[in-house]
Amino acid sequence: MSESVLTAVAWPYANGPRHIGHVSGFGVPSDVFSRYQRMVGNRVLMVSGTDEHGTPIQVQADAEGTTPRELVDRYSRVIQDDLVGLGLSYDLFTRTSTDNHHRVTQELFTALWRNGYVLPETTLGAISPSTGRTLPDRYIEGICPICNYPQARGDQCDNCGNQLDPADLGEPRSRINGETPEFRETEQLMLDLPAFSQSLHRWLDTRTQWRPNVLNFSRNLIDDLRPRAISRDIDWGVRIPLDGWRDAPMKRFYVWFDAVIGYLSASVEWAERSGDKDAWKQWWHDPEASAYYFMGKDNITFHSVMWPAILLGNNGAGDRGGSPGELGTLNLPTEVVSSEFLTMSGSKFSTSRGTVIYVGDFLREFGPDALRYFIAVAGPENQDTDFTWEEFVRRTNFELANEWGNLVNRSVSMAAKNVGSVPEPTRPEPADAELLAQSRAAFSTVGAHLGHSRFKQAIGEAMRVVGAANAYLSHEEPWKRKDDPERRDTILHTALQVVQDANTLLTPFLPHAAQKVHEALGGTGVWAAQPHREDAGETGMGTTHSVLTGDYAGEQARWESTPIPVGRPLSRPTPLFAKLDTALGETGPSWAPIKPGE
Ligand SMILES: [Zn+2]
């Protein structure tokens, strides 16, 4: 039976191009998952967009001498280029700076407010004495009041991990110009998180299928909840729909609050664009629908605690009760799928330290599927993982090119040269049936892994079929059977059938190569649809708006073994994957920022 599956993908912050650490956390895993779910016939809605508000955007715009609007217009396009280049099959990739997003954020807030889950509170806000402007928390540095770490940030101490208030820092100073900030009283809105501790615990008790580290981490967070600010003194963001706040020049929602609401607002925008404005409800209202959230581990808090609390508050289902808001009773996450970090020389990718490999540079040199393969097979699924050029070159050459590319190439070439079409299997032997049974059985094992976001195990099982097919060819040696064409053709037919099966199994991981293999096997039409950029008109805020979308519902690859038609014409294929120069493994490409040993 067809199920409704929401794939909610973390929103990249619109302050620069993406690096390969970002896309290994949220991008490639969510796309592999969505492509698999579509192939088994589920109704998938995969949504995300660029996160465009908040103080870091404003500070960066100041530094570049431009406006926040110009900055996010530029980087939302750059990020779209990265994601479309990787072939990430978003149903909608939009932006938070649209009218629609602002409206949905305000509606959700209104429900929280009416149900009594938002508390006004007078706090101390930092002001820069030289400019008179609000100084954002993360641009204040000082001594941690808990562990005495000298470089704690205003919002959090990176040493002890505690959330902080900038007014509590010892010897506070501006990270922008070093001056001492002034603190003045200012009113903010707080989400009353302690009022969700019972309901969040009850909900987490039902999340038995989560990865244990995510579940335990989330439980610990709930035991220590404090009210959290959802407003800021800033003039770039979503306005607060309350009397006295609505027109205030320096009051907006805190960027974390509006960003998590993006999953919902993007679903609403997708529905409006589809021509059925209520279509989003099948993913958000139907209790049978499921919702999978993909992100890096630094974002777990927002998806396993904050966003569920907002949803419970909207639904009137927090510890204080209430009634559902305008948008109705909304589904909570089915699962929070988080990745660990991709590192380089043991450290997180860091733009400021220059240890960074940008997606755009990578794609220009190596194309999308080599990166997708590397992330799936060697990425940070369960632990922090170091990226090295040596391993990238080794995986590309020995696994993609030698194992998979070579299997496709020699099977199709031999059949094309000797027969010119898919040959007929007239002389079967037990070895053929054994290999075919193995490749058919892989659909359920690989599928089970993919359904549980176990990508490494899934691609490992798929590549095992490729390995078995190569061993079969080496053993059966069809190239030595000139005098026995019936047996030779049977072997080639078996090999082509297994190439087709393996190609189906690898389609979620390698959609670009899968389309080429489909064509090499004589297939026509779209096998694995790709996203494209589309002009979506106005944002409603005085700027034009483009989105990523695609048609993934047409006649395409299905998750099943289908018989390859005997007699279908074949021609000699072009190689699937180019082998890389092994010297690249020692030095990296010329544009790579850090060389091994530096
Ligand atoms: Zn500390």
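Heads up, the Cβ atoms here are built off N, Cα and C, so glycines get one too.
Database features (TrEMBL):
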type    : residues                       : note
BINDING : Cys144, Cys147, Cys157, Cys160 : Zn(2+) binding site
DOMAIN  : 6-411                          : domain 'Methionyl/Leucyl tRNA synthetase'
DOMAIN  : 422-524                        : domain 'Methionyl-tRNA synthetase anticodon-binding'
MOTIF   : 12-22                          : motif ''HIGH' region'
MOTIF   : 348-352                        : motif ''KMSKS' region'
Can you see whether DSSP assigns Cys147 (Zn(2+) binding site) to helix, strand or coil?
coil
Does DSSP give Cys157 (Zn(2+) binding site) helix, strand or coil?
coil
Measure from the Cβ of Cys144 (Zn(2+) binding site) and count the other Cβ atoms within 10 Å, all protein chains considered.
21
Once Cys144, Cys147, Cys157, Cys160 are set aside, which residues in the chain still have Cβ within 8 Å of the Cβ centroid of the Zn(2+) site?
Pro145, Ile146, Asn148, Tyr149, Ala152, Asp158, Asn159, Gly161, Asn162, Leu164
Quick one: among the binding-site residues Cys147, Cys157, Cys160, which has the most Cβ atoms sitting within 10 Å of its own Cβ?
Cys157
DSSP-derived helix, strand and coil totals, residue by residue, for the domain 'Methionyl-tRNA synthetase anticodon-binding' (422-524):
79 helix, 0 strand, 24 coil
Summarise the motif ''HIGH' region' (12-22) as counts of helix, strand and coil residues per DSSP.
3 helix, 2 strand, 6 coil
